[in-house]
Every structure is written in C-alpha cells, then in structure tokens.
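Structure first, then comments.
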C-alpha cells in the first residue's frame, strides 16, 4: 500500500546524480524482467478464461492483512502520518483516472467532468481516492472489508454535504458486490490493493464481473523485483522505519508482465502501463519510464461479440440459394 522510494543515504552518496539515474544501476539485480507489454503475446493467444469457466466467488481477502490495517484505521486523513504517500499519490492517480474516463466521452461538464460515470473503489480505506473522484462528479461506491475503515470514511465525508449524493460506502468485499451486481460499473479502481490480496486472478475475475462491457479497470501496485525488496521492505520498514514493519509481503508483489497476463487471460485488454516514482523528500509522485518499483495499469473489459441472429443466419442461407437460381 505504501510507495517505494530511493533512501536518503543513497542520494547523499551519489552527490548531484538524480534519483532517476539510480534505477538502471539497480535494475541489474532484478529478479524478473521488467514490464514490457511486448512480452505478453502468448497471453493474448490463450483466450479469455471467462469464456472457459464460470465466475468464481472465492474470497481474496487475507485476514492477516486485515489485522495489520485495523491498527491504522483512524489515521487515513493524517496527511503526515503512515498514509502520507497515498495522499501525495492523488496528484497523479486522480488525473490519470479522470483523463482516461473523459477520453471515452466528449460530453463533459466543466465543473463535473465525470458526471454520470459510476465507479467502484475497491479497498477504499478511509476514502482518500473516493472523495476526489466524487468531487469530479462521479457516482462512487467505496468498499472495504474493514468496518473501521468505512466508519472513518463516512465520518470524513460527512464534513462535506455535497458528497452525500455522490459517494456511498459499504463494509464488504469485492466478491460480495460481484454476487449482487453484474455489469453495473463504468470503472473499477483498485489502487495499492492487489499486493494485499490472496488470489489476484480471482480478484480480477470479480472486477470483470461487475464492470460494464468496455468498462475501465485501474490498478496501481508494486513490482516484484530485488529493488522493491531492498527499498520497500528492508530499508523502508526494517532499517529506516518509514512505514510500520510488516506493512508489505514481498511475495505478494506482482510483476507487470504477470499482471498483464492475468488481465488478458480473463477478458481484459491492457491499454496503458507506466511506471511511477515517489520522492519522499519532496513528498511527491511523478510518472516514470521504468516500472521497477511502482506502476499503474489501465485495462478495458472486452465487449462481447453479439451472436449471429436467426435473421442473419437465414440471410447467409439465402445466398447460395440465390446463386443456384441464377445458374
């Protein structure tokens, strides 16, 4: 859930060298290939799994993860606290979601560019991303399996009556929403969530289930590289205590090529894949060409091909008959 970053000690030793210049050096130690979209051709030829098996409601929520975040449920809106990096991430992830959704429609209200768009914010926590999307005019449902997180989100939302009609919060899992809702949302946002679930594929299947055909899925998460282990686990948690120890489980980090394979084998087409970089000293994020650390994905749910109607079938049958009559 937290960002990965270049520690201050490394920056000091490099003198005037930029943070970005360190990435190629560290990449030599990567455990896996980086996020090239060209490497997923095999996944595209396998065919979507949703056409080969029924929708599964297997739960993806990890009880251990819930126990960790229960401790911080009242700290979501402390901009200098444990969620500081997530507050800063809004500067790039909110425009990312906004601009993609606006590009799919040319009828925008200047003050409410996402008016009429229905969004599901999965793992919404205290509503850090839910509220900005609501202020853009979207109808947002924020869900989180922790009731304390939802209580925090509802309490904060109550300070702005304008959000009451736009935002709805529910203490539930994605699977529970999927059991009651089919193809209802224009977009699903899962920001800093995938690295905390038990079964990423089941999670993606649930996202597919609730999205309308052609709907958008937005994911931000952390790559599984040695860089992410050293910076995100060892230094951030164990050495520098930037975030509480045990926040992340490196084994749950997912490489972009693996995430893309899961998406494309479950009915999605990956539209955008790009890296993200956090500067802890400036408290800011920026888009980055490299996906070794954090990255963002936008994928589109494929539109089902309409089955050939009986009338079309009859027309096809009439063609040889007409040809035979003309002989």
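Quick reminder: no glycine exception, Cβ is built from N, Cα and C everywhere.
Pulled from TrEMBL:
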type     : residues          : note
BINDING  : 93, 123, 144, 191 : S-adenosyl-L-methionine binding site
BINDING  : 192, 195, 196     : Mg(2+) binding site
REGION   : 307-327           : region 'Disordered'
COMPBIAS : 307-321           : compositional bias 'Basic and acidic residues'
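There are 23 other Cβ atoms within 10 Å of the Cβ belonging to residue 192 (Mg(2+) binding site). Neighbour counts were taken as the number of other C-beta atoms within 10 angstroms of each residue's C-beta; across the binding-site residues 144, 195, the minimum falls on 195. Shown are the binding-site residues 191, 196; of these, the residue with the fewest other Cβ atoms within 10 Å is 196.
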